[in-house]
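Undergrad: Shown below is the structure under consideration.
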Amino acid sequence: MSTLSLLAPAKLNLFLHITGQRADGYHELQTLFQLLDYGDTLHFNLRQDAQLSISPAIAGVAAEDNLILRAAKLLQQYSGCNLGADIQIDKILPLGGGLGGGSSNAATTLVGLNHLWQLQLPLHELAQLGLQLGADVPLFVEGKSAWAEGVGERLTALKIPDCWYLVLKPDCEVSTLQIFSNKQLTRNTSPITIAAVFEEGHTNDCEPVVRALYPEVDNALKWLSLKTNSRLTGTGACVFGQFADQASALQVLNELPAELTGFVAKGVNQSPCHSKLGL
Ligand SMILES: C[C@](O)(CO)[C@H](O)COP(=O)(O)OP(=O)(O)OC[C@H]1O[C@@H](n2ccc(N)nc2=O)[C@H](O)[C@@H]1O
Ligand SMILES: Nc1ncnc2c1ncn2[C@@H]1O[C@H](COP(=O)(O)OP(=O)(O)OP(=O)(O)O)[C@@H](O)[C@H]1O
């Protein structure tokens, strides 16, 4: 096999609690990660030399900073593999959206090249390797909707009941670092047990800070909460509502005011990337 196309799916944080902060500044989280059947598509073409390329460029991201190239280089170094790849991306996930796009791109690169280069590294080893690229990379490498603790890397796969989501993209980009550095951020939510995961009432501790700093996010949440329960994902900027079926979600999408865009996606318990590779 010399070519491979794989989805790099988005995730939603169905809730996000911040329970503490580590000595290195990173925050301890408890969250429920829901994978979606919607995301970027990566096309890999095998090269017999060790060259790596990515196209098209992502606006505002230098090639050497692109998480796809960083993941590919990391895997080459780690495995000692001397094969390469030309990688193309159909990018539809917004940057700074809280949908985990960059982390998902990195994870799909690790999983895709592991397959194309026939390295046969187990997923848990790729997940550990990927953590240095982003806190959400292990989730996308493992490829299962999950309960997460630590900085998001201690994962327990969970079956989330089938449902559909309307995701709104406010016209702004939120920096994860800016939100985690904010003095007003709640950092001492009491930990819950895994048994309480599906109880109502869990929220996103980043939401008040993001709403105060970004009126676009505040407006999107206000609009969506008139239709259904609405919440921020990650550190934003995207917000979402949950629906029992596709038609109900599409109906609300059709009513969006002109200043908002969005999409409807199905929640999945396994990443479409992993389903395609039979993982
Ligand atoms: C908040 C989440 O979206 C939840 O899914 C993710 O944990 C964020 O993951 P991410 O965008 O991959 O974030 P990273 O690139 O790893 O971190 C960006 C910056 O946010 C801060 N950060 C991130 C994650 C975390 N648990 N605590 C932090 O304090 C750190 O200062 C870090 O330098
Ligand atoms: N391939 C890539 N796709 C997206 N962003 C990338 C990529 N490579 C590097 N980046 C950088 O990573 C930053 C975060 O991107 P990402 O799309 O993961 O944000 P996010 O959706 O807020 O993620 P999260 O939910 O993990 O906080 C971008 O602003 C960009 O500078």
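Cβ atoms are placed via backbone N, Cα and C, with glycine included.
Below are the features listed in TrEMBL for this protein:
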- K11: active site (ACT_SITE)
- 66-143: domain 'GHMP kinase N-terminal' (DOMAIN)
- P94, L95, G96, G97, G98, L99, G100, G101, G102, S103, S104: ATP binding site (BINDING)
- D136: active site (ACT_SITE)
- 198-259: domain 'GHMP kinase C-terminal' (DOMAIN)
Undergrad: Please list the recorded positions from P94, G96, D136 whose Cβ falls under 6 Å of any atom in ligand 2.
TA: G96, D136
Undergrad: Reduced to three states, what secondary structure does DSSP give K11 (active site)?
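TA: Assignment for K11 (active site) reads strand.
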Undergrad: Based on Cα distances to K11 (active site), point out the closest of the recorded positions G96, G100, D136.
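TA: Closest by Cα: G100.
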Undergrad: As a quick check of your reading of DSSP, tell me how many residues in the domain 'GHMP kinase C-terminal' (198-259) are helical, how many are strand and how many are coil.
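TA: Tallying H, G and I as helix, E and B as strand, the rest coil: 27 helix, 9 strand, 26 coil.
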Undergrad: In sequence order, which residues at least six apart in the same chain have a CB under 8 Å from the CB of D136 (active site)?
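TA: Within the chain, D136 (active site) has Cβ neighbours under 8 Å at K11, F33, G100, S103, S104, G152.
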Undergrad: Which recorded positions, if any, among K11, G96, S104, D136 have a Cβ under 6 Å from ligand 1, given in order along the chain?
TA: D136
Undergrad: Using the recorded ATP site (P94, L95, G96, G97, G98, L99, G100, G101, G102, S103, S104) as reference, state which further residues of the same chain have their Cβ within 8 Å of the centre of those residues' Cβ atoms, listed in sequence order.
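TA: Other same-chain residues near the ATP site: A10, L93, G234.
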Undergrad: Find, among the binding-site residues listed as P94, G96, G100, the one whose Cβ has the highest number of other Cβ atoms within 10 Å in the structure shown.
TA: G100
Undergrad: Across all the protein chains here, work out how many other Cβ atoms are within 10 Å of the Cβ of K11 (active site).
TA: 27
Undergrad: Using a 10 Å radius around each Cβ and counting other Cβ atoms from all shown chains, which of the binding-site residues G98, G102 yields the largest count?
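TA: Max Cβ neighbours within 10 Å, all protein chains included: G98.
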Undergrad: Using all protein chains in view, find how many other C-beta atoms are within 10 Å of the C-beta of S104 (ATP binding site).
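TA: S104 (ATP binding site): 30 neighbouring Cβ atoms within 10 Å.
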Undergrad: For the domain 'GHMP kinase N-terminal' (66-143), jot down how many residues DSSP puts in helix, in strand and in coil.
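TA: Split by secondary structure, the domain 'GHMP kinase N-terminal' (66-143) comes out as 46 helix, 7 strand, 25 coil.
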